[in-house]
Structure formats: structure tokens, C-alpha cells
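*Asks:* OK, Swiss-Prot features for this one:
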- 21-32: compositional bias 'Basic and acidic residues' (COMPBIAS)
- 51-64: compositional bias 'Acidic residues' (COMPBIAS)
- 131-176: repeat 'WD 1' (REPEAT)
- 206-245: repeat 'WD 2' (REPEAT)
- 248-287: repeat 'WD 3' (REPEAT)
- 290-329: repeat 'WD 4' (REPEAT)
- 342-380: repeat 'WD 5' (REPEAT)
- 409-448: repeat 'WD 6' (REPEAT)
- 457-503: repeat 'WD 7' (REPEAT)
């Protein structure tokens, strides 16, 4: 029998032609038969054709869809989704959705993709607003280093390695909030119930020294802690049991930050390096070098970049992961007038406003606003948390007969910063007993204190802050989480006596849905 490979193509063509001729003859026979046969033939051919179409649709739905048709289909689906969300928020019929409202939502999404969306929350906070406060004490006996939240659960951690899980129990006020639109400042009453806790077991996969920082993954599945033992421990958020332990750092882990919308994590350490991790694959990605001193803080948003502060090297660095480059911003170069006469010795904390702006806090009490397009700060606010009281001569000298000359008062450090991403609201903390809220001006060239009648009062040193937005529409609120204690987060440089170690949660109701404004581009 001959191999089909060696057969001549002419024979194959002839066979194909003969096959087609046979089909034509069969069709002619069917036409000669009655109309019943025609109906049967048409029915069979249509069913075969429809079955063939179903198979194509099941296997490849978008095979025969052009690029323009696909864009049109996706745009219609997106508009329908936005309209449904607006209807749910406003409580009116879809036909009544105004074009301006829909256009503002589309503009908001575009600005969010560009990283230039600025939500105006500060103008929606009534100065006479009623703020509800809850204190998280639980089993914590050491200073807290972090308080984070995901949906209805709150997690707190202290230096001893104790991690406590809380559940929020919300009770609405008796008066109807739908009618007053927060004009008289109604808030949701806060109650938190401890439901689980976990202590460090000092084992191979757990911490063996003090904890310094706390973070939670964006999907709420993992709780991550860093400590003085050079370790990063990943725990299950449900059971609080340690699942993984990374020992890549060569010194104490000082800070953790999650990339927004992903499970990519950045960690900074006293070994002067930043490491990038993936919580999805539970793997190490890369290491970033450049700082000359201990890296005390790191923060990140949606893009593949992060901002870090290097302590006494007095620099802030923007790390561009994809471009494999970094931008260096040097502090301490401003005039003595801008710092109220106090020299800057260390940059201790950082918070990103958007992809192009961030704020830093220093040990001389200065909060600085930076842009990635300029090497110098756009604006500095000196003595943001005031001065410490003057010490008595016997307190600052070891001599039996100290010199009566008084030492000038020293500024309170900025121990923590936090911001709502892509908004004009951020918060700062120290050990003066108050969390201060700040309003960024339009154009992002300055900021000022946000005045409210009821201060956000806490006890002790504010070691960590986090801000989040809760609810939608008329029920929207800004929630502030604070981790406080008798000592600072990474040492006993400042100790306060008679202060409980606890966390605090504040609910600040908003009057209406926040508006969106464009951020002006700042030229160098």
C-alpha cells in the first residue's frame, strides 16, 4: 500500500471534485421529491447549522467579535454597572440618573487610574460633628504597635507578640440619619467585641523578640507582623495561627506596606534595605538598596512603587520597581524659620497622598509635603504637635546641685502619619494626647489643621495610625484607628507613666458624598 505522503496532489483534487459532484446529485434528488422532503431537509440543515453555531459560541465566544464591537460591548456593560451603583447609593430610579452625575463618576474612575484623584473629605466634616469613640484594651499589657481593619473585623498587636481580633458591633442612633443628612452630626455607636487572641510561641515559625509593625493583606486573608528578631510572620486572619515565617532580613523589621489592590508587600528594615514580597505565591521577589541608615517607614499605593524614609540619613526615596530606579529627596535643607529654629535630625514616618505626592514627619516636629517633581518640600509645617514642657533642673541633670539655667523646650516628634489614598485628608500623631487631622489645599501646595469641636483624644504615644472610609452615600464615615502605649514603637526613648496600653477607633460622619477635584500638576 502506497504512502499518502507520496501521492500526487492532482488525485486529491479529483477526489474532492468527485465528492462535491455526488453532493450536488443528492441535492437534485431531494429537489425532485415532494415538499415534505424539502421541509425535512431544511429542518435538518437548520438544526445542524444551529448546533454548529452553539458549539462555536461555547468554545470561542469572542472569536468573531471585532475590536470595535468588543470596546462597545465593554463600555455598555461598564455604564450599566455604574448606573446600578448610583441607583443603590441614591435610592432613585435608573431613569432619573443625571448625565452630570454619571459624568462625574466616569471622571472619578479616570482620575483613579491616573493616580490623580483627590476626594474632598475635609469640606464634608462638620466642625460640630458628633464623633463616636471606642477603646480597644483587651489583653494588651505592652504598648501597641499597630491596629488594622478589614470589613467588620479589627486586629491589634503589641510589643509582646499578642495579637487580638475584634468584631465591630454597630448600633445606629435613635434619630433617622437619612433625613438629617448628617447636618447635626449623627454617628454610628461603636462597640467592639474581642473574639480571639494569639500569643507568640517563640518557635521556629514565630517571633522570638518584640513585634514592631502590623499589616493586613488587601483580601483580608493574611495578618503580617515584623519584629526585632529580623523575622516576618504571616498568620491566618481567621485562626491567627502562624503559617509562614520569612527570615531574609539581617536586622530588625521596622515597617510593612501593602500595594493597593494586590497582595504585593514591601518591608523595610534596620539593615538599610527594602524587600518586595508576594503573598499570593508566598515568595520573595527582590531587594532594594540605597538608604544609609535605618529605614523607619514605607508606604505604597496602586502603582509598582513605594516611598520610604531613612531615619538619620534624612532622605525620602521613591522606588520605581519596573524602571529599576529611585528618586532621592533630602530633608533638613530648609531654613531655620521654616522649622521654627529646630534642626531636623531624623525622618521617622511617611504617608502617600497620591502617586505623585507624600508627607513625611520628623523628630523636630515638622510635617513636610513633597512632590515627586521637586527635590525640595512644597510646604513645611513646624511644631505640628507643639513643645514638651520644660523639665525641672533635677530632671535633666545628674548633679546634686544642678545649674538653675533652664533648657529650652524640645518639640514633640511626629511618631505616625496616615492618609486616605487619593484624598485631601491625612492624620498625624505624637505623644501630646491628640490625633491631629490636616486638610490639603487645592493644588496640593500647602496644608492646614482641620478644626473640629471634639478633639480625637488618646492616651500615650501614638505608635501607628490608619484611616479608612466606611459606608456609601449618606452613610459614609471616616474611621480613624490608633495604636497607643506608654512607649514609642521602636524603643523606650519616651516613656509615660500611668498610661494604659490600648487602641482607639474614631468614627467621623460625612455630610454628603465627597466631591472630586483635579490635582494641578506641579512644575519643577
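Cβ coordinates come from backbone N, Cα and C, glycine included.
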*Asks:* Between the stretches 131-176, 206-245, 248-287, 290-329, 409-448, which wins on the count of C-beta pairs under 8 angstroms to the repeat 'WD 7' (457-503)?
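*Replies:* By Cβ pairs under 8 Å, 131-176 leads among 131-176, 206-245, 248-287, 290-329, 409-448.
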*Asks:* Please list the DSSP helix, strand and coil residue counts for the repeat 'WD 4' (290-329).
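*Replies:* Its residues fall into 0 helix, 21 strand, 19 coil.
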*Asks:* So what's near the repeat 'WD 2' (206-245) in sequence-distant terms, Cβ-Cβ under 8 Å and 6+ beyond its ends?
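*Replies:* Residues 145-151, 153, 155-161, 163, 165, 196-198, 200, 251-263, 265, 267, 269, 271, 277, 279, 282, 464, 483, 489-490.
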